[in-house]
Structure formats: structure tokens, C-alpha cells
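Undergrad: So Swiss-Prot lists these for the protein:
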- HIS19: active site, proton acceptor (ACT_SITE)
- TYR14, PHE64, ASN66, ASN112: tRNA binding site (BINDING)
- ASN9: site 'Discriminates between blocked and unblocked aminoacyl-tRNA' (SITE)
- ASP91: site 'Stabilizes the basic form of H active site to accept a proton' (SITE)
Amino acid sequence: MKILAGLGNYEPKYLRNRHNVGFMALDIIAQAWNAGPWRKRFQGLASEVTIGSNKLLLLKPQTFYNNAGNSVGAAAAFYRVKPEDIIVFHDELDLAPGKFRMKMGGGAAGNNGIKSITSQLGPDFRRARIGIGHPGDRNRVTGYVLSDFAKAEEAWLIDLLDAIAGSLDLLAAGDYDAFQTKVTHKAPAPEVVKRGPDAD
């Protein structure tokens, strides 16, 4: 089994925030692959899907973004899933909007959700990093990630989430390099995107 966890905040007012793109990815995956119903488990909402012979647990922690490790750690302990078989989908300030990169291990780079998961599992889990770009000033970061995607960003966002869901068989099989390659081929990042509060 692999665990696919998405980072986000569970209250409705956060639904379309940049910080919730991990939840968005899991919702699209669940819909595309006819996953089972979401149920309250592991301090989150969990759903299961089997792709080929590979079973996946989809997990949306309901702990608020910065405490996601409590949920992911509980699921990992219950199913005895190793960190390398856990993939966390999250927003990435250090990638341009629409860029997608897989990463194995490493630091949290200021992401408190990743930091929380690291405190439970150690650093050696996989990250599926969805670029949202940086507002340019670190004092604007909180407002930026907790604001909705701009209308100008919706086209690449939809394309990227669809590409992630459409390539999931490769991730389920553990072919992470091929997964990243297929996603970026199907949904190349836009060259120029307006972003930030003025883009809405």
C-alpha cells in the first residue's frame, strides 16, 4: 500500500486557496479513479482506490495544514507503511506557478505542513510539489497562500491536476520519474503567469 496525502485546511473558506492545492489534487484523483467514499479516519478524510494491483490510501488531514503530521503519522502506523511509500501533495512557493516536481526526502523549506509530517515520519517521504510561485516579499507569503488562485491561473491549474490524475497509474506502480515526466509533458508550466493579489 501507498499513502497519498494532500495538504490543506479543511474549513470551507479555505477551499480554493493556493495552500489547498494538495486537497484539490486528491479530490481530482478520487473522482478520476472512482475511489471509495471519503470516511472520517486518522484525524482526516480517507478514501481507498486500487489501480492495477496497487492499493492506495488517499488522505486529507482535517487537522489544519500545520498539524498534518498527526493524521499522516496515524495512517502510516496503522497500515505499517514505510515513509518511502508515502507521497505528500502540497503547494510549493519555490517553484514557478504550474511547475510540478517530485522530490524524495530533504528539508521542509519553511513549509510547516511538511515540517509536521517530518516530525512524525522523519524526512524520507516523497513530496509531490505543485508550484504556486512566490509573492516576492516574505511578509506577503501568508496572505498569498491563504488567498484563492487568480482567474488567470485557473487554466494551468485544471490542466495540471488533470495530468496528475491521468498519470497516477505510474505513481501507483512506483515509477516516480516516469510519473513526473508524463505530468510535465501533459501539462507544461506556463511561461508567464500573473500572480498575487493584483491578479484576481
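Here, residue 1 is simply the first one shown, and the rest follow in order.
Even glycines carry a Cβ here, placed using N, Cα and C.
Keep in mind that what you see is a predicted model, and the values were worked out from it rather than measured.
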Undergrad: Please list, in sequence order, every residue of the chain apart from TYR14, PHE64, ASN66, ASN112 whose Cβ lies within 8 Å of the Cβ centroid of the tRNA site.
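TA: After dropping the recorded site residues, what remains is ASN9, HIS19, THR63, TYR65, ASN67, ALA68, GLY113.
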Undergrad: How many Å lie between the Cα of PHE64 (tRNA binding site) and the Cα of ASN9 (site 'Discriminates between blocked and unblocked aminoacyl-tRNA')?
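TA: With distance taken Cα to Cα, ASN9 (site 'Discriminates between blocked and unblocked aminoacyl-tRNA') is 5 Å from PHE64 (tRNA binding site).
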Undergrad: Checking the recorded positions HIS19, ASN66, ASP91, ASN112, which are within 10 Å of ASN9 (site 'Discriminates between blocked and unblocked aminoacyl-tRNA') at the Cα level?
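TA: Of HIS19, ASN66, ASP91, ASN112, within range: HIS19, ASN66.
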Undergrad: Validating a neighbour-count step here. Other CB atoms within 10 A of the CB of TYR14 (tRNA binding site): how many?
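TA: 18, counting other Cβ atoms within 10 Å of TYR14 (tRNA binding site).
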Undergrad: For the residue listed as 'active site, proton acceptor', which of the listed recorded positions (ASN66, ASP91, ASN112) have their CA atom within 10 A of its CA?
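TA: ASP91, listed in sequence order.
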Undergrad: Restricting to the same chain and to sequence separations of six or more, state which residues have a Cβ under 8 Å from that of ASP91 (site 'Stabilizes the basic form of H active site to accept a proton').
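TA: In sequence order, LEU7, ARG18, HIS19, ASN20, VAL21, GLY22, ILE130, ILE132, VAL145 meet the Cβ cut-off.
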